[in-house]
Amino acid sequence: MGTLTSVAFAAAVNIRFRSFHHRDNIKTTTTLPEWQKRLCFSCTEDSQRFRVVKCLGNDENSNRDNSVGENADTHKSSVVKTASRDEEDDETSNNSSSASSSSSSSNEFGSDKTSMPSTISPVDSSYSSFQIDSFKLMELLGPEKVDPADVKLIKDKLFGYSTFWVTKEEPFGDLGEGILFLGNLRGKKEDVFAKLQRKLAEVSGDKYNLFMIEEPNSEGPDPRGGARVSFGLLRKEVSEPGPTTLWQYVIALILFLLTIGSSVELGIASQINRLPPEVVKYFTDPNAVEPPDMELLYPFVDAALPLAYGVLGILLFHELGHFLAAVPKKVKLSIPYFIPNITLGSFGAITQFKSILPDRSTKVDISLAGPFAGAALSVSMFAVGLFLSTNPDAASDLVQVPSMLFQGSLLLGLISRATLGYAALHAATVSIHPLVIAGWCGLTTTAFNMLPVGCLDGGRAVQGAFGKNALVTFGLTTYVMLGLRVLGGPLALPWGLYVLICQRTPEKPCLNDVTEVGTWRKALVGTAIILVVLTLLPVWDELAEEVGIGLVTTF
């Protein structure tokens with residue numbers, strides 16, 4: 001079975017190499033091995049072409065007659081010697097290619113030595129047939145790679161003594177589909193990058209994207225200051241996000257309708273003191289199985305709509321902030337995928353970047369615009385609601401909620417205590433205006449989305465302001481605090497699972513992923529993270545009893 005698989009992949013690889021290197025007139029005809037022969041692929045560090053070596057080594061056939069064994073040993077020895085001579089010829093060809101414009105390779109495929117480095121791990125005789133087949137399958141089914149002829153042209157036309165002197169090339173991208181140029185910078189980073197982008201457009205048109213990133217595994221900083229940089233090259237169709245499909249629009253619409261339903265449900269639940277006993281029992285008693293008659297809820301829907309409108313308004317205002325910040329930067333965003341939640345009305349929305357961000361400052365600005373817009377509307381509702389809660393003229397609009405709900409947020413609980421007073425909060429229930437609930441839910445949802453982890457708004461902002469390494473540290477700390485329920489209280493576990501499933505992957509790098517964002521943006525992100533922690537940090541029992549937030553019962 002292994003031999004048949006190797007033969008099939010040899011044929012497939014043969015076809016692949018014919019299509020990839022047709023313009024170089026590379027001869028890729030291979031002879032399939034006899035019995036007791038298998039394919040061993042060896043890949044040099046400075047050539048993408050693969051040398052097919054016919055060698056012996058099937059252990060199950062090692063007990064053949066001595067005459068056949070002697071012939072096999074003789075053939076194996078000649079193959080090894082031939083491969084050694086090929087290696088020496090390759091080294092000689094490499095040395096001569098630096099002094100001449102063209103050179104020929106001595107390997108079996110006869111390729112030139114200006115090709116890009118291999119995008120797959122080297123495979124030698126120590127690999128099994130199954131591993132070789134796996135490597136070949138990844139090569140055949142992977143994304144379209146950078147054309148080696150374009151690599152030579154771009155290297156000659158773009159880089160040089162006045163911009164960036166290339167000393168090494170490595171695979172770049174998630175699957176090694178691109179090229180990473182490493183070397184020495186010969187000018188100011190921003191000026192060199194702008195010059196290289198202009199030259200790339202002249203040389204290759206709209207075919208490739210050039211990224212300036214921090215050099216991976218750098219041994220030290222750049223002599224000119226800051227981190228050492230390198231330049232990555234990817235095809236546009238590989239590096240840029242795809243368009244929104246019809247099914248994605250359908251899914252977004254379904255999620256939005258479910259979010260409307262969860263927001264209305266939140267509005268109905270806020271009237272818990274007015275609901276029929278059987279409805280209250282169904283929503284509060286975990287042992288209740290049989291649902292009540294839904295017609296009993298119809299009279300409460302009208303009263304629930306103002307709160308639902310407030311929650312939905314905050315969500316839409318949040319997304320509007322993202323889009324308004326993205327338009328001047330010419331950044332495309334996807335449609336928002338709202339996440340329904342019966343406790344807060346919604347967990348927010350997933351909004352993807354549909355174009356590559358130009359720099360880290362743009363990433364910070366767009367990421368912060370949504371939460372700041374949503375928080376501004378939420379604070380307004382929360383403040384107006386607290387004012388109406390103390391106004392006797394609005395007494396008919398007030399709803400009663402358990403006072404222990406105000407222990408869910410240290411910041412919002414202290415503000416409510418200072419506004420409503422000790423007597424109002426130090427009781428079993430508190431009469432508040434529905435706008436307080438809408439503002440509270442909006443601020444809590446905004447705080448959750450500003451946590452510095454993954455692809456959340458907070459994760460993108462931290463990644464843009466402080467770099468990817470800082471995001472890893474912030475992210476691990478956030479996961480630990482959510483796991484211990486230090487942040488978020490009873491919502492910590494469902495939110496943590498949601499992030500792990502949907503939002504755990506950091507945002508992709510910007511075109512210019514090196515230039516710093518500036519002090520004031522970093523200070524803004526840092527201040528926002530502090531406010532997020534204060535909002536999601538619950539009030540512990542001792543403090544709640546001391547300041548009079550709710551009734552603390554000691555067992």
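Quick reminder: no glycine exception, Cβ is built from N, Cα and C everywhere.
For 58-123, the entry in TrEMBL reads region 'Disordered'.
Sequence annotations record features per position, and here TrEMBL assigns compositional bias 'Low complexity' to 93-107.
Taken from TrEMBL, the feature compositional bias 'Polar residues' covers 108-123.
For 246-268 (among others), the entry in TrEMBL reads transmembrane segment. Only residues 6 or more beyond the boundaries of the transmembrane segment (246-268), in the same chain, are considered here, and those with a CB under 8 A from a CB of the stretch are 275, 297, 300-301, 303-308, 311-312, 315, 334-346, 434, 437, 441.
Residues 259-260, 263-268, 270-271, 274-276, 278-279, 338, 344-346, 348-349, 373-374, 376-378, 381, 434-435, 437-439, 441-442, 445-446 of the same chain, all 6+ positions outside the transmembrane segment (296-317), place their C-beta atoms under 8 angstroms from a C-beta of that stretch. Taken from TrEMBL, the feature transmembrane segment covers 296-317 (among others).
In the predicted model, the domain 'Peptidase M50' (308-467) shows an average pLDDT of 90. As annotated by TrEMBL, domain 'Peptidase M50' applies to 308-467.
The transmembrane segment annotation in TrEMBL covers 337-357 (among others).
Residues annotated as transmembrane segment in TrEMBL: 369-389 (among others).
According to TrEMBL, the transmembrane segment annotation covers 404-425 (among others).
Residues or ranges marked as transmembrane segment in TrEMBL: 432-451 (among others).
Per TrEMBL, transmembrane segment is recorded for 471-502 (among others). Same-chain residues lying 6 or more positions outside the transmembrane segment (471-502) and placing a CB less than 8 Å from one of its CB atoms are 339, 341, 343-344, 347, 350, 408, 444, 448, 451-454, 456, 459, 462-463, 529, 533, 536-538.
Residues or ranges marked as transmembrane segment by TrEMBL: 523-540 (among others).
Here the transmembrane segment (523-540) does not lie next to the transmembrane segment (337-357) in space: the count of CB pairs under 8 Å, restricted to residues six or more apart, is fewer than 3.
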